[in-house]
Every structure is written in C-alpha cells, then in structure tokens.
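See below for the structure under consideration.
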Ligand SMILES: CCCCC/C=C\C/C=C\C/C=C\C/C=C\C/C=C/C(=O)SCCNC(=O)CCNC(=O)[C@H](O)C(C)(C)COP(=O)(O)OP(=O)(O)OC[C@H]1O[C@@H](n2cnc3c(N)ncnc32)[C@H](O)[C@@H]1OP(=O)(O)O
Ligand SMILES: Cc1cc2nc3c(=O)[nH]c(=O)nc-3n(C[C@H](O)[C@H](O)[C@H](O)COP(=O)(O)OP(=O)(O)OC[C@H]3O[C@@H](n4cnc5c(N)ncnc54)[C@H](O)[C@@H]3O)c2cc1C
C-alpha cells in the first residue's frame, strides 16, 4: 500500500518504515483536511512558500535576538499581506492559517490577534454603525487591532475588571479610564507595539450604576505616525516563556473619550439618553472567547501532531541498544516503552482534530441560531468548549513533553523544535481562561444536567448520555473479540464513570450545603471533585467524536483508524482505570485485560506508525525540526544547524580572550 512520502536519498530506515504501510496516506490526509482538494491546496501553498526568497531564513530564528526575530517576522507578515493571493485563497480560513504557519511560524506575528480576536470581536459583537466604518479599514490593514481584556490584577474574573467606561449623556461619549496600577491592561497580544486600535473590555457605568464588563473600540496610536495618542501609555510587557515574536502589551488610559457608537452594541445597547438594554443572553458579550476556545482545538491538535511526527520519525531513524544479544542495534521505535510514550500522542492528536470538526459544526449551528434570535445552543457549547479547551491544552502539553523526552538529548536542543513548540503550546493552559477555572464552567453545567436527569427532564447534546440506564457491570473483555462491541463497552464504561463522578460531586456539594455552608463556599470545598468530573466528561465527548469519525470514515482507511481508535480507547480506559474501579463497575481483571489489549495495539500499530504521522502532512517548514525532517537525514542536518550558532563564527570567542585566557595564563604563571 502506498505511503506517498517515499523519495530517493531518504534515510533507509524511514523508507523501510514507509514500505510497511497498510493504507493510502493521501486518503487519510484528505480525510483529515476535509477533501482531496484541501490537501492539494495545502501542498501547493507549501511548495510556493518554500521556493520563495521572501520567506527564506538564512539564519534560523533559534540563533537570533527577540528584536531581530520580530523584525524578520514583520517583514514576512508584510509579504504575506501584499502577496498572499499568489499563494492561496485569502478568504479561506484554513488556507490562510496554513499560509501563516508555513510563511511565518507559530511564535506570533504582528496580525495574530488582529485576525484571531479583534476582527472576530467586531464582527460578532459590534453593530452596523460601527462595523460599516471600522471593518473595511481593519480588513484593509489601515487599522490593526488587539483584544485588550486582561488586566494586571484581573484576568480570570471578568466581573472584577477595573477599567471603567462611564457614559456621559451630555456629549454622548464614554470616558474610558484606568483607575489604578492593577487596572492596567496587561498581556494582550500585539497590543504593545503593533496595534493602533484595540477592543478594550471595561466596566460599564451609567448614572453611577455599575453594569458589568462590555467591549469598546479605542484608538491607541496616531494612524499616520503610530505614536501613542495623548492620555495613552502603551508598551511591551517583556520577554516570556515563548511567543517571542508577539508583542504582548500593557496599556493605561487616562480618561479617554470615545463616541457612543464605539461600544460593541450588537447584543447589549446603550441609547443616546443612557438607557441600557441587556443582551438576549447574559453572556453574549463573552462570545469572542467561545470562538477562540473552539478554534484553539485545531491549533493544539496540530501542535501535538508536530511533536508526534518529530518523535516518531526520529525514533525510526535512531538506532541504539539491542533487544536481543548478537543482533544489530535496534531502531528505538522498537522499544515498547518508546511506543507507549509516543503512539498515544499520535492517537490523541487525531482525536483532538476530529473533535474539533464536531465542535466547528456545533459552533456554526450556534451562530446561525443567534442570527435568528435563538441562544439555546450557547450554554451547551460554552460548557463543552470550556472543558475541551482545558483538557486538550493540558493533554497536548503533556504529550509534547513526552515526545521531547522520547528524543533523548537531542530533544532538549532547540534543533528538535520541541522546546519552542512546548513553550508556545503550553500557554494555552492559561490564556482564554485558566484551565482550572474553565473546568468549573463545565462542572456547573454538569450539576444542572445531574438535576435534570434525576427529574427525567430533557438533556442537551453533550450530556445526553446522563439519561442512559447504566448496566451496573461493565462488558469490557466480555465481547468475544468483537471490536465494534468492545469499543462500545469502553465508551459505555467511560460514560458511566463521568456520570457517577458528576452525581457524587453533586452529592458532596449538597452535603456541605446541608452542613451549613453557603452554596459558594461549599463549591470551593468540592472543586477538585467537580473538575475531575468535568475532565472525564470532556474525555468522553472526545472519545465519542473520535469513534463517530472513525466509524463513518471511507472503507480504505477505516482499518488503520480502527486500530488507532482501539489504542486510544484502551489507553484512555487504563489512564482512568481508578475511576472505573472505584465503584466496582469494572474489576481488576478487566483492567488487566485492557492493559494487555493496549500492549497488543502497540504492536499492531508499529508498522503504520511513521505512515500515520506522515498523514498529518506537515511540511519540513512547519515542523521546523532537524529531528523530524521528512527525509530522516538527521545527523548531518544537526551538525549543519549547530554550525550556524553565533558562538561558532570565530574559533576563539571574545569572551574567552577577555576573561578565560588571561585567567588560564595567570594560573599557569603561578605554578
Ligand atoms: C488567519 C486567521 C487566524 C484565526 C485564528 C483563530 C483562532 C485564534 C486562536 C488562537 C490565537 C492565536 C494566538 C493567540 C494566543 C493567545 C490569545 C489569548 C487571548 C486571551 O486570553 S483573551 C482573554 C481571555 N480571558 C478569559 O478567557 C477570561 C476567563 N473568564 C471568563 O470567561 C469569565 O470570567 C467566567 C470564568 C466564564 C465567569 O464569568 P462570570 O461572568 O463571572 O459568570 P459566571 O457567574 O461564572 O456564570 C454565569 C452564567 O454564565 C454562563 N457563562 C459564562 N461564560 C459564558 C459564555 N462565554 N457563554 C455562555 N455562557 C456563559 C455560565 O455557565 C453561567 O451559567 P449558569 O446557567 O450556570 O448561570
Ligand atoms: C501567551 C498569552 C497570551 C495572552 N493573550 C491575551 C490577549 O490577547 N488578550 C487578553 O486580554 N489577555 C491575554 N492573555 C491573558 C490571559 O487571558 C489570562 O492570563 C488568563 O485568562 C488567566 O487569567 P489570570 O492571569 O488572571 O490568572 P489567575 O486567575 O490569576 O490565575 C492564577 C491561579 O489562580 C487560580 N484561580 C483563579 N480564579 C480561580 C477560581 N475562581 N477558582 C479556582 N482557582 C482560581 C487559577 O486556577 C490559577 O491557578 C494572554 C496570556 C498569555 C499567557
């Protein structure tokens, strides 16, 4: 069966791996990206960008200062903007995303938040009077914007943000002010140096009454000189763990006046005479965050896929140690521990991307509903995207780190691309709402679902399984080798665990309440359990999504995806075995059975491992990893990469000449 990546001159071990492929890698790639045409388009973009001198990096960014990296990234951004249509359909979200990844990379660029949040916030929340003016100019990039919500003192708890927007009826303006040091906006991406406007989240005050957080469009810099406007202090917050090429910024506003129409008023409104009309759903103002949380799934699935590609290809190329005496050194991918480290990451990357596809459909349906005046899909989507954002970012972070360690010493080098990848990806656990806090949003929803289920009320999409009758004992290991039924038995066991944990958390909460605690204090006493229930529920949702995609996939790729799904479900069940055992739903014998099936899965997947990661179809440019390169010619490339280090420009470093040599000389003369 064809693996389409084989080329002459490649590392022979990688070629050998590709020859054992049992499916058509292009079929799987096309399935992953929605169609064969989408796959071809991605490849065309990659090909054109790779050959274009505007996007060449003579010196890898690993060896440049932050300032130089920002300069190089800004230059490439300009080229993408001016020449984008030479490479792709610039109106196609996924083509643009791919173009940016290929041309610029993942560490941030001047327009990341402009496209990622500023425009979506205006499009989703502003009304016509404002959008007619600002959106054409923003699309034309006369206006570049950031999404400035988080402050130095508050990010998670939006209700306590301190920046104020006070309505002045006399002039029909809002006065926007930063009252304290901790009220300074702090963290927003591209706020520091690139943006001349921002959507700023402020507490709305009318007639001395605090109404709550709302968004306002504020001009920060002169459109001609790019200097900050009077009353505005803005700058970069300094170096951070990663996102080196993003100017996360600070902002203080000194009683800046903006016209009434600058409030984003599609949902909540303030009339000229200061009458406030609330939105049709209280949290519609938070819509941009729901949008980003949903779309983060795709990005983080791809981040984990990158790490899995690097670790799998490198493990096929690297030979070290022997499994039996008297035979040549083995590919490290033959070690069971290596497979157990890496293969679940491959499966999870697929699971995340497939889950994203389901969520995207739900998101689109919700937006359509809102346009027709219905918000009934929002609570379910908010609850599940809050959980998914948290589980997926955590899962991807752990997975990338496993892949990095699986590459041994070379994984610790920036040449592997993995330290930077981890730095960028792990930020997702924090931004768009810290994970522990967002899981509580999911848990709150589960508590309502428990109550509805007990009362026999209808249950919405993500919690529909709360209404199923549990069989009391798991069917795991009792399905006589029927794979489809085995998969169903594992899904049922996970659903049982999520439901039980939710019910138990609800009972613990209630008990504390009966013991005299307020509802809120009682909640804080059970949040670890609440979040546990939310995580398991979210993992059930992912497992169901993966299962649905596999069972509806084309027959040509269904066998390999079924193997991958088996590994995924066995791994998830073993990882959550304590939840399955706790109430006796599963026995110890059943967990031992799951483990033995998992080890069989590792062996089954071994011949397809490289082909499964090849099917993610990430180019060498996107991978940005000496270890993960498609041709597997790792060692020579590693040496050539190291040669580019600034430290190697001279044989004797000035620092050595200035301090180390005189010290050696002094010591020598003492003898
Ligand atoms: C080329 C194109 C590129 C496109 C790129 C696309 C995507 C971009 C992806 C990545 C961008 C790339 C790189 C950029 C990297 C980083 C960007 C980062 C940006 C940011 O971080 S912006 C700041 C984000 N901040 C937060 O997320 C804050 C988190 N806090 C909150 O959301 C809220 O404070 C809270 C935790 C939800 C609590 O809110 P609160 O008002 O107190 O409400 P509650 O009392 O808790 O709940 C009451 C009620 O409301 C429900 N609720 C809450 N939120 C929502 C919601 N959003 N929607 C619907 N319902 C909601 C809640 O469930 C409660 O319901 P009840 O029924 O129980 O009453
Ligand atoms: C790379 C990056 C990019 C960002 N980009 C933007 C941007 O473009 N625009 C923007 O506005 N912001 C941005 N942010 C800010 C980001 O959204 C916030 O940092 C994030 O929402 C977390 O809020 P916080 O910093 O207030 O964390 P905190 O709330 O202070 O969290 C600290 C700890 O307190 C815990 N905690 C807080 N509240 C609770 C609770 N109720 N229950 C239990 N535990 C709790 C948390 O779990 C965590 O362990 C960015 C941040 C990063 C790292």
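Heads up, the Cβ atoms here are built off N, Cα and C, so glycines get one too.
Annotation source TrEMBL lists active site, proton acceptor at 432. The number of other Cβ atoms within 10 Å of the Cβ belonging to residue 432 (active site, proton acceptor), over all protein chains shown, comes to 23.
Annotation comment: TrEMBL describes 150, 189 as FAD binding site. Residue 150 (FAD binding site) carries neither a helix nor a strand DSSP state and counts as coil. Sequence-distant contacts of residue 150 (FAD binding site), defined by Cβ-Cβ distance under 8 angstroms and a gap of at least six in the same chain, are 185, 186, 187, 188.
According to TrEMBL, the feature domain 'Acyl-coenzyme A oxidase N-terminal' maps to 24-144.
The domain 'Acyl-CoA oxidase C-alpha1' annotation in TrEMBL covers 286-447.
Taken from TrEMBL, the feature domain 'Acyl-CoA oxidase C-terminal' covers 487-665.
Across the range of the domain 'Acyl-coenzyme A oxidase N-terminal' (24-144), the DSSP-based residue counts are 88 helix, 0 strand, 33 coil. Sequence-distant contacts (6 or more apart, same chain, Cβ under 8 Å) of residue 189 (FAD binding site) comprise 108, 112, 113, 116, 117, 146, 147, 243, 246, 247, 248, 249.
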